[in-house]
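Undergrad: Starting off with a structure, shown below.
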Ligand SMILES: NC(=O)N[C@@H](CC(=O)O)C(=O)O
Ligand SMILES: [Zn+2]
Ligand SMILES: [Zn+2]
């Protein structure tokens, strides 16, 4: 994969959905943009793609993906997850460390990083665990992960909260040395013992143990105060409640270096979906209420919430098709995220395409300190790009997704917007909505047991 990519000439592509123009990609960068791009010397022998009616965006960046390798390759691998990411329009994903073994050493993060490079469909950036084994007892070797070839900048015990305030303080202090960030899974464990779904009218009706909004909001508030105290940087994972939006807005107003993400599913789905007891709708944090959905959409529109992150959480069939209380929480997200954002934020007038680029590419790259991604569509910039047909619709079928698991909460749903092509450093990873030119391993296409 070190040979030079064939130049690509995109005809009549619309950067950010604005004026259509020609865009020439060569040697991994955007070399020309405009009516004279075809006449550029580097256009000789270029592959031409008719992009009429298509929106050109910077390649999407997911700050929160679960790739399950090492340890649960029956649910996902770096290969199948990379394929899902490329098909979803992503050029980079940050991989959560709740694997087996946990990504809490330089050795494991380097292994994941190299797997991603070998597959070559997206850049895979490992997230390092905050604590050894994610046990919440003592800090992992954050510095060794930061200085490894994986150059880790994001640290998280995701799946669990760093609930001990002293450990959280130490982590926030430690990551300052290399401009890192602690990404917190905000869940006060004492307030969520045995929790099965959002605590509210629906949980009362169903008789399921509730996960109250305050369990999230209390941790976010505490961590913002700790972040101020040690003058560090905090990222809030999968923010899900109206109250959390208020807490982050207040912290930002007084200058806290906090950023926050919302998942696509929290932008559209609610706790009412639990009534059928179908564990495909079980997720952590849980689906909330209509009022929360409205608040997180408004928070994303006004910048209180910085990014959309998928929290792509593949689970094997036996871990999802069982009793609700036994099921693993989590949902697929990589191949549906852009469509959900189009439906909930663009079609509603809350964001334009520049806004989509901001929350799905520019801001996540900036928060993760990832160079070369999240850059503007402009001459001289790396050709990490995604081309979207905004008028197409498609019906989601879990069995047809590239992920090795099928636990999409959008099964059978018609969604707007289709990723037509994705380019990683000028090389197509997806063309005509299909994967190109990569060996994602023997597992792709064989799912479940
Ligand atoms: N979101 C989830 O419901 N599950 C995630 C863990 C997490 O993001 O907390 C997983 O790893 O499956
Ligand atoms: Zn989490
Ligand atoms: Zn997660």
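Even glycines carry a Cβ here, placed using N, Cα and C.
Predicted, not measured: the structure shown is a model, and the values here were computed from it.
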Undergrad: In TrEMBL, the Zn(2+) 1 site includes 64, 66, 158. Which of 302, 306, 311 does it also list there?
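TA: Record check against TrEMBL: Zn(2+) 1 site with 64, 66, 158, extra candidate from 302, 306, 311 is 311.
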Undergrad: Looking at the Zn(2+) 2 binding annotation from TrEMBL, with 158, 185 already listed, which candidate in 235, 238, 265, 266 is the matching residue?
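TA: For the Zn(2+) 2 site that includes 158, 185, TrEMBL also lists 238.
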Undergrad: Which binding-site residues from the set 185, 238, 284, 315, 329 come within 10 angstroms of residue 64 (Zn(2+) 1 binding site), judged by C-alpha positions?
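TA: Near residue 64 (Zn(2+) 1 binding site) by Cα: 238.
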Undergrad: If you check the binding-site residues 158, 185, 329 one by one, which have a CB less than 6 Å away from any atom of ligand 2?
TA: 158, 185
Undergrad: A 10 Å Cβ contact count, applied to the binding-site residues 158, 311: which residue has the minimum?
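TA: Across 158, 311, these binding-site residues, the one with fewest Cβ atoms within 10 Å is 158.
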Undergrad: Name, in the order they occur in the sequence, the residues of the same chain whose CB lies under 8 A from the CB of residue 315 (substrate binding site) and which sit 6 or more residues away.
TA: 75, 327, 328, 330, 405, 407
Undergrad: Considering only the binding-site residues 67, 68, 98, 185, 329, which fall within 10 Å of residue 158 (Zn(2+) 1 binding site) when distances are taken between Cα atoms?
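TA: For residue 158 (Zn(2+) 1 binding site), the binding-site residues whose Cα atoms are within 10 Å come to 98, 185.
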